[in-house]
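Data block below; observations after.
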């Protein structure tokens with residue numbers, strides 16, 4: 001009927017919008033823009049202002065979005081999720097901009113905790129894209145790159161939808177990130193700092209702290225969690241230089257909750273510092289908005305307690321149970337985050353130890369990880385695959401990444417598998433065992449067999465051996481006889497535990513298959 005035709009047309013227009021958005025990953029002017037600005041990062045914010053104006057948005061309008069601006073190396077997304085949920089618990093209409101997305105690009109721009117709908121996304125996408133496209137000839141043919149465009153789109157959506165506040169997560173760094181076009185946030189936050197994106201931010205904690213402290217604004221309160229000594233010194237210097245009042249968050253145990261025990265909706269001990277930062281950010285925002293001289297920042301009222309408990313943030317310390325198969329998903333991609341992930345996995349898996357006797361590790365582990373961090377865990381298999389959702393041509397446009405070639409992904413995947421074998425003293429059929437003879441100690445007496453698959457779906461289907469009805473419904477992909485023979489242990493196990501980690505993109509590709517609702 002007419003309703004079905006309208007729905008089909010809406011899906012088509014949305015797909016067209018996403019495919020057009022994806023061209024901004026590869027268009028020549030955008031790539032040249034990125035290369036030029038990497039050498040002169042101050043130019044980034046100047047360019048961002050120009051793109052904003054072409055899209056019909058002024059920086060003065062952003063002043064009225066009542067923004068909470070958050071950066072950090074690890075935990076900034078979780079901090080934003082806690083903060084947004086707390087303030088939504090008070091009844092405010094919230095906007096939330098984050099990256100990357102897991103399954104659908106609309107996840108990056110949320111209203112009241114939910115990704116904006118397809119119709120809303122499509123309407124606002126074409127409004128912004130149209131204005132930029134119509135003015136490109138007068139500006140040297142330039143269009144904003146992918147992340148910059150989505151940031152502009154998020155600002156446009158939040159202004160049009162008249163949210164009460166916007167929680168904005170920094171993309172990379174802070175000082176020269178395009179979200180730093182914000183002039184007057186209500187409060188800023190910095191989560192845990194570490195080494196990441198060294199080519200852009202620098203190769204020391206001090207250099208990275210300098211970049212992160214770039215979101216500080218004169219007279220705007222800022223909070224940070226406890227940091228390494230050298231990083232904290234830089235943050236304090238940056239705050240003093242900018243005339244920004246900076247505070248260190250208390251431990252979560254220091255808060256007084258008069259309305260029952262404190263429970264976090266996000267698993268993992270490392271979430272406790274993120275929760276404390278979120279409490280300080282939301283409390284400061286509330287004080288400026290409607291609680292002058294009100295509640296103490298160490299006393300948790302019901303809305304704060306319930307906000308922390310109700311927070312959801314998929315792909316971060318997430319557990320899914322499908323019958324005999326339990327999946328543990330976390331997008332850890334730095335050494336520190338991997339260590340936190342493994343601690344969470346070890347503790348959580350132990351709680352499921354009633355009638356299972358096998359663990360399976362499925363992950364895309366970056367070869368730069370020190371594999372000593374894997375020591376506490378014992379895996380029967382280490383399964384590697386590229387960030388390719390499935391090996392078919394009709395791939396989901398939301399998960400296409402044209403900035404990394406398939407060849408590059410496959411090469412990295414094979415390098416990671418080789419690194420695992422070397423560091424776990426499994427040897428190598430091509431003579432690489434000579435490199436470790438008498439060298440690296442065994443990680444454990446029980447060595448994980450390694451396998452490489454061409455896509456996420458094929459890896460998941462082999463691991464689960466038809467025991468996950470959600471995956472079985474997709475049809476079973478054929479594998480070589482020697483690979484099928486290795487699965488005897490999987491077929492006989494009472495339960496299978498699968499840890500999926502190493503990349504948020506990998507976790508998103510897995511969720512597309514494991515949680516069909518996430519694709520709707």
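Backbone N, Cα and C define each Cβ position, glycine as well.
Quick caveat, the model's predicted, so the values are computed rather than measured.
What TrEMBL says about this one:
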{"type": "BINDING", "residues": "99, 169, 197", "note": "Mg(2+) binding site"}
{"type": "BINDING", "residues": "316, 330", "note": "ATP binding site"}
(message) Please report the distance from the Cα of residue 169 (Mg(2+) binding site) to the Cα of residue 316 (ATP binding site), rounded to the nearest angstrom.
(response) 16
(message) Among all protein chains shown, how many Cβ atoms are found within 10 Å of the Cβ of residue 99 (Mg(2+) binding site), not counting that one?
(response) 20
(request) Would you mind checking how many other C-beta atoms are within 10 angstroms of the C-beta on residue 330 (ATP binding site)? (result) 26
(request) Run through the Cβ atoms and count how many others sit within 10 Å of the one on residue 316 (ATP binding site). (result) 25
(request) Rounded to the nearest Å, what's the C-alpha distance separating residue 99 (Mg(2+) binding site) and residue 330 (ATP binding site)? Just drop the number here, would you? (result) 15
(request) Run through the Cβ atoms and count how many others sit within 10 Å of the one on residue 169 (Mg(2+) binding site). (result) 24
